[in-house]
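As written in Swiss-Prot, here are the features:
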- ASP70: active site, proton acceptor (ACT_SITE)
- SER9, ASN10, ASN11, ALA12, GLY13, LYS14, SER71, PHE153, GLY154, TYR155, ASP156, LYS176, HIS181, ARG182: substrate binding site (BINDING)
- ASP70: Mg(2+) binding site (BINDING)
Amino acid sequence: MFDQLVLASNNAGKLKEFGALFAELGVTVRPQRDFDVPECPEPHHTFLENALEKARHASRLTGLPALADDSGICVEALGGAPGVFSARFAGEPKSDARNNALLVEKLQGEANRRAWYYCVLVLVRHADDPQPLVADGIWLGEVRDEAAGEGGFGYDPHFHLPGYGVSVAELDAAEKNRVSHRGQALAALMAKLKALA
């Protein structure tokens, strides 16, 4: 087992969440900015390919094991869109407000509001790792026209959880981290790592 890895992201929230869990295994997680690793392009049409590209990129430039994720919202009535384009659905520069407005606009008159958040995590032990560790999670919900809640980010105010009766933005942060698509993927990845330790 390695004692440190690079997170192929500069997101402070992800660093904190991943850092706490990997600390249980004696692994220090460092953001790619610590190594001056530039953002990796995401040219692919699947979450898995993008996450693998980011992990290999960070590992290649640092010489360390690397962890990357890719995630987004998929809407059944839109054929799975915005999917891998979730962050830039309404174009550049990225804007949660514009992305949400476009999503609601595209669903006008559509009865089927079924959607899911998807996350895949990829861990490579080295840049050319032939057998990366992969874990994913899916969180089912539905898109609502009206935003609800102040928490979260991205599509959370419009992503309603029928089982909870609230939007993701209204959910307690600790509960969200436990049951979300990212939480599910992280739990699955940690189980795989512990089995290898």
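Backbone N, Cα and C atoms are what each Cβ position is placed from, and that goes for glycine too.
What Swiss-Prot annotates, mapped onto the structure for a quick look.
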residue: SER9; record: substrate binding site; Cβ contacts under 8 Å, 6 or more apart: LEU15, PRO31, GLN32, LYS54, ALA68, ASP69
residue: ASN11; record: substrate binding site; Cβ contacts under 8 Å, 6 or more apart: none
residue: GLY13; record: substrate binding site; Cβ contacts under 8 Å, 6 or more apart: none
residue: ASP70; record: active site, proton acceptor; Cβ contacts under 8 Å, 6 or more apart: GLU42, PHE47, LEU48, ASN50, ALA51, LYS54, VAL84, CYS119, VAL120
residue: SER71; record: substrate binding site; Cβ contacts under 8 Å, 6 or more apart: PHE47, SER86, TYR117, TYR118, CYS119, VAL120, HIS181, ARG182
residue: GLY154; record: substrate binding site; Cβ contacts under 8 Å, 6 or more apart: ILE73, SER86, ALA87, ASP96, ASN99
residue: ASP156; record: substrate binding site; Cβ contacts under 8 Å, 6 or more apart: GLY149, SER167, VAL168, ALA169
- Task: Grab the substrate binding residues from the record (SER9, ASN10, ASN11, ALA12, GLY13, LYS14, SER71, PHE153, GLY154, TYR155, ASP156, LYS176, HIS181, ARG182) and give me their largest CA-CA distance in Å.
- Result: 21
- Query: In terms of DSSP three-state secondary structure, what is the assignment for ASP70 (active site, proton acceptor)?
  - Reply: strand
- SER9 (substrate binding site), DSSP three-state class -> coil
- DSSP state at GLY154 (substrate binding site), helix/strand/coil: coil
- Across all the protein chains here, work out how many other Cβ atoms are within 10 Å of the Cβ of HIS181 (substrate binding site). 21
